[in-house]
Amino acid sequence: MTNIRKTHPLLKILNNSLVDLPAPSSLTSWWNFGSLLGVCLAVQILTGLFLAMHYTSDTATAFNSVTHICRDVNYGWILRYLHANGASMFFICLYLHVGRGLYYGSYTYTETWNIGILLLFAVMATAFMGYVLPWGQMSFWGATVITNLLSAIPYIGTDLVQWIWGGFSVDKATLTRFFAFHFLLPFIIAALVMVHLLFLHETGSNNPTGIPSDSDMIPFHPYYTIKDILGLLIMLTALSTLVLFSPDLLGDPDNYTPANPLNTPPHIKPEWYFLFAYAILRSIPNKLGGVLALVLSILILAIVPLLHTSKQQSMMFRPLSQCLFWLLVADLLTLTWIGGQPVEYPYVIIGQAASILYFSIILVLMPITGTMENRLLKW
């Protein structure tokens, strides 16, 4: 008798995606982050759902409702901190996942890659709107500063900003719509994840060597299910440690002060996972130029497949490209540090240098290095 998982219309789909899926035998731990991101999304949706049961999206009561969740709701504090720090874990996994794709040339699967970029933008939008909901000082001023950037768009900018605000400033209407979108987007993200996996399973997974692995495949279960569970345990341990021992480590103290439109915080800055993009935005003195650089800092990923000049897919056997890749990582860490510093000497000039280097590595140095390595190998 045939196993039900291979015949049942619904179970058959799950079986072909999670059990009998042929996977390359050489996948390293860098391939764990896809499943970890799935778990992060599930955790965020579940904790978010329970938080939404107690949260009120009104300027008069939003801050107090978050306080009420932490003080009066059974285990409300752990829900709130799991949700806030879960977002940080989400972005750590996201950036490592994208980094893996860049290092091993997974961007050559263009459909999967482009859906991934779309997912990255969707998660960033969701995180930004979520940061506004507690209605603390940094929530209010962060929302004001970032939405105001759209006013740099010629001709329609000012109208667009007021349309998003639902008035002439960030106020009750803004908070209500941000809550609505923050609730809706994760479900759109979940649907996009399905499409992401659909395209991935059309081609099959890449592997560290970048060489087709059709001749050497193993079933996903039990080999990679066990491997993913190990990664999951490590991530959940890290998240639990963060939530239970130092829940406010990655947050901003200013957000424990209720939003006050009459009092600007000394340093307005986003959450740590947006600091690199914020540093690129600030490094250009012109408003429209800064906004363009901000968008391009992420959108540049879309043209990476076009800039691939090497005859090898992966960087595994390309030491010169490896050096550039790790220089890019160091540069992004520098930008993250600069984004959290005040706008003064020497931080401004360091930020400008790091921003130029960021775009130079991706647009110029990496393609040149790829061609150079081909020549060195006489290809």
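Positions of Cβ are set from backbone N, Cα and C atoms, glycine also.
Taken straight from Swiss-Prot:
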- HIS83, HIS182: heme b b562 binding site (BINDING)
- HIS97, HIS196: heme b b566 binding site (BINDING)
- HIS201: ubiquinone binding site (BINDING)
- 33-53: transmembrane segment (TRANSMEM)
- 77-98: transmembrane segment (TRANSMEM)
- 113-133: transmembrane segment (TRANSMEM)
- 178-198: transmembrane segment (TRANSMEM)
- 226-246: transmembrane segment (TRANSMEM)
- 288-308: transmembrane segment (TRANSMEM)
- 320-340: transmembrane segment (TRANSMEM)
- 347-367: transmembrane segment (TRANSMEM)
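Shown on the structure are the features that Swiss-Prot records.
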residue: HIS83; record: heme b b562 binding site; CB count, 10 Å: 21
residue: HIS97; record: heme b b566 binding site; CB count, 10 Å: 20
residue: HIS182; record: heme b b562 binding site; CB count, 10 Å: 21
residue: HIS196; record: heme b b566 binding site; CB count, 10 Å: 21
residue: HIS201; record: ubiquinone binding site; CB count, 10 Å: 14
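A Cβ distance under 8 Å defines the sequence-distant neighbours of the transmembrane segment (288-308), meaning residues of its chain 6+ beyond its ends; these are 98, 102, 105, 107-108, 110, 113-114, 117, 120-121, 124, 149-150, 152-154, 276-278, 280-282, 355, 358-359, 362-363, 366-367, 370. Cα to Cα, HIS201 (ubiquinone binding site) and HIS97 (heme b b566 binding site) are separated by 17 Å. The transmembrane segment (33-53) makes contact with the transmembrane segment (226-246), as judged by at least three Cβ pairs under 8 Å among residues 6 or more apart in sequence. Outside the transmembrane segment (113-133) by six or more residues, the chain places 55, 57, 62, 66, 87, 90-91, 94, 98, 101, 106-107, 139-140, 142-143, 146, 174-175, 178-179, 181-182, 185-186, 188-189, 192-193, 195-196, 199, 270-271, 273-274, 298-299, 301-302, 304-305 with a CB less than 8 A from a CB of the stretch.
Long-range neighbours of the transmembrane segment (77-98) within the same chain, counting only residues 6 or more positions beyond its ends whose Cβ lies under 8 Å from a Cβ of the stretch, are 30, 33-34, 36-37, 40-41, 43-44, 47-48, 50-51, 66, 69-71, 116, 120, 123, 127, 130, 235, 238-239, 242-243, 247, 250-251, 271-273, 301.
In this structure the C-alpha atoms belonging to HIS83 (heme b b562 binding site) and HIS97 (heme b b566 binding site) are separated by 20 Å.
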